[in-house]
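Contents: one structure, followed by commentary.
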Amino acid sequence: MWEGKCLYVVLLMAVYWCTEALPLAVTAMLPVCLFPTMGILPSKKVCPQYFLETNFLFLSGLVMASAIEEWGLHRRIALKVLKIVGVKPAWLILGMMITSSFLSMWLSNTATTAMMLPIANAILESLFGNLETLKENCKDKSDPEGDSQVNMHVLPCEKQVLTTENTPDWTDRSEQKNLKEVRKEAEYQMKVWKGFLISIPYAASIGGTATLTGTAPNLILVGQLKSYFPECDLINFGSWFVFAFPLMLLFLILGWIWIAFLYGGLNTRLCISKHDEREAAEAKAKAVIDEDYKKLGPIKFAEGSITFFFIMFAILLFTRDPKFVTGWSVFFTKGYVSDAVTGVIIISILFFFPSQCPSLCWWFDSRASNTPYVPLLSWRKAQECVPWNIILLLGGGFAMAKGCEESGLAVWIGNHLQPLAQVPPAVAVILITAFIACFTEFASNTATIIIFLPVIAELAIRVNVNPLYFMIPATTGCSYAFMLPVSTPPNSIAFASGHLMVKDMVKTGFVMNILGILCVSLAMNTWGLHMFSLHTYPDWARPLNASSATVATHAMATMNMTG
């Protein structure tokens with residue numbers, strides 16, 4: 001009975017999340033009113049799920065990101081990387097992808113995409129000129145009336161025949177050749193332009209998977225692990241980074257090769273310098289990057305301070321308990337200091353640390369003028385930048401998972417997944433990742449992982465496989481939504497620029513999805529297998545397995561007695 005009621009709530013929330021009939025955050029709060037009133041879970045167990053320590057870790061990442069954006073450090077990082085990689089199209093696409101993925105590890109992928117697209121457009125205009133002119137040149141100008149409208153930005157015809165009254169036929173053929181070359185070059189430039197724009201949201205989605213705070217599904221995994229398997233402490237910021245960062249790099253490189261190949265960035269000019277009109281355009285683009293970087297001026301005190309605290313934030317989270325070496329958490333009572341504690345300690349400093357270097361004269365002479373005190377971050381700015389709806393969405397996922405566990409719905413679902421026990425685990429990983437990646441094309445990745453993670457955990461228990469072997473690929477796969485503009489906010493932002501078509505994203509994203517699925521499968525069956533001991537069924541998963549069996553036995557006994 002309780003399973004049916006909980007299933008009703010889960011399906012209702014799934015429909016609302018997928019259709020967005022209600023705002024996502026409002027749907028996430030439905031367990032607060034439905035679980036207690038339907039007798040599934042008391043409110044004192046539901047409400048605390050909305051602010052677990054996982055939410056504090058997410059909040060600390062968001063606050064750090066808002067401080068980075070406040071002082072423009074993200075723009076300095078982006079321009080510096082572009083200065084390093086150079087201005088050839090393929091290298092620029094790589095620079096865009098590296099910058100976007102790195103920033104997305106700490107900022108939201110939406111903010112990263114919104115910040116990088118204007119930079120990309122400025123560089124593209126320097127390389128290829130005005131976009132409207134470029135589109136005009138792509139059109140067929142074979143009729144004589146349209147010849148005068150062609151505006152050739154680069155690569156003029158190498159062989160030009162002077163117009164004379166005595167050679168009209170040669171002139172016509174030369175003009176037709178000019179038009180064909182202009183159109184061919186303009187089509188190439190449009191392909192490169194699309195490659196630039198499409199690489200940014202894809203890299204932002206890939207980069208978010210590398211850290212726990214990079215994207216919400218990673219934190220949902222941690223929260224649901226603590227709910228289902230309280231004894232499991234294998235996933236924290238450090239251990240996840242060691243596993244996911246190489247996976248992110250591998251996928252990023254393969255994605256860059258595919259995008260550069262598809263959109264014309266890979267050619268002999270990648271490594272060989274040629275003196276042509278393209279070189280002049282590239283020099284102009286390089287000048288634009290250099291000029292924008294010079295406008296930033298020297299590193300200010302606030303930027304240096306944010307850089308220091310950002311590095312401390314990453315180092316302390318990584319070294320707290322990285323599993324492969326002893327972390328600094330051993331200096332405190334075991335189990336007391338978590339990633340959330342570490343994150344809150346660092347971001348708390350931002351609210352009182354000065355953004356300008358204090359004057360030392362004031363310490364010796366109180367009448368001397370002192371630098372005005374402005375902290376690195378104000379609470380007003382933090383409130384504006386923190387997406388509280390996502391925090392509620394996280395809490396709704398944890399509440400749903402708690403309801404599935406307490407009501408026995410997870411056990412009921414697991415009993416109906418028994419036929420999947422015949423599938424080899426390695427094949428199951430590919431199938432799970434592919435299914436989640438396809439589903440998240442049409443629904444929020446956060447909602448997707450909230451709905452399916454309890455089911456996947458129960459499936460792993462039923463087939464006697466380490467739950468992490470199925471749960472980690474599902475979590476990573478739900479960030480691989482590349483095929484549709486509505487799949488993720490970064491895709492929508494890039495599509496809204498008006499320079500991409502749906503078929504461009506489908507064509508590129510389909511192969512990206514396949515590459516992502518293969519990369520996840522490789523990671524899980526190589527370094528992930530040894531990092532998390534995935535080849536053995538862990539002791540921390542046995543209590544749930546035992547309780548599940550007890551519940552199932554009790555249910556069977558009840559049915560026999562009533563029968």
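Each Cβ is built from the backbone N, Cα and C atoms, and glycine gets one as well.
Remember, TrEMBL labels are computer predictions, not curated facts.
According to TrEMBL, the feature transmembrane segment maps to 7-30, 89-107, 196-220, 240-264, 301-320, 340-364, 385-403, 423-456, 508-527.
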Could you check whether the transmembrane segment (423-456) packs against the transmembrane segment (7-30) - three or more CB pairs closer than 8 Å, residues at least 6 apart in sequence?
yes
Quick check: do the transmembrane segment (240-264) and the transmembrane segment (385-403) share at least 3 Cβ pairs under 8 Å, counting only pairs 6+ apart in sequence?
no
Selection from 89-107, 301-320, 508-527, the stretch that has most Cβ pairs under 8 A to the transmembrane segment (196-220):
89-107
Same chain, outside the transmembrane segment (7-30) by at least 6, Cβ under 8 Å from its Cβ: which residues?
38, 40, 388-390, 392-393, 395-397, 399-400, 403-404, 409, 412, 442-444, 446-447, 450-451
Report, as numbers and ranges, every residue of the chain located at least six residues beyond the transmembrane segment (385-403) whose Cβ falls under 8 Å of a Cβ in that stretch; write 'none' if there are none.
6, 9-10, 13, 23-25, 27-32, 35, 40-41, 45-46, 49-52, 54-55, 58-59, 62-63, 65-66, 69, 108, 216, 219-220, 223-224, 227-228, 409, 444, 446-447, 449-451, 453-454
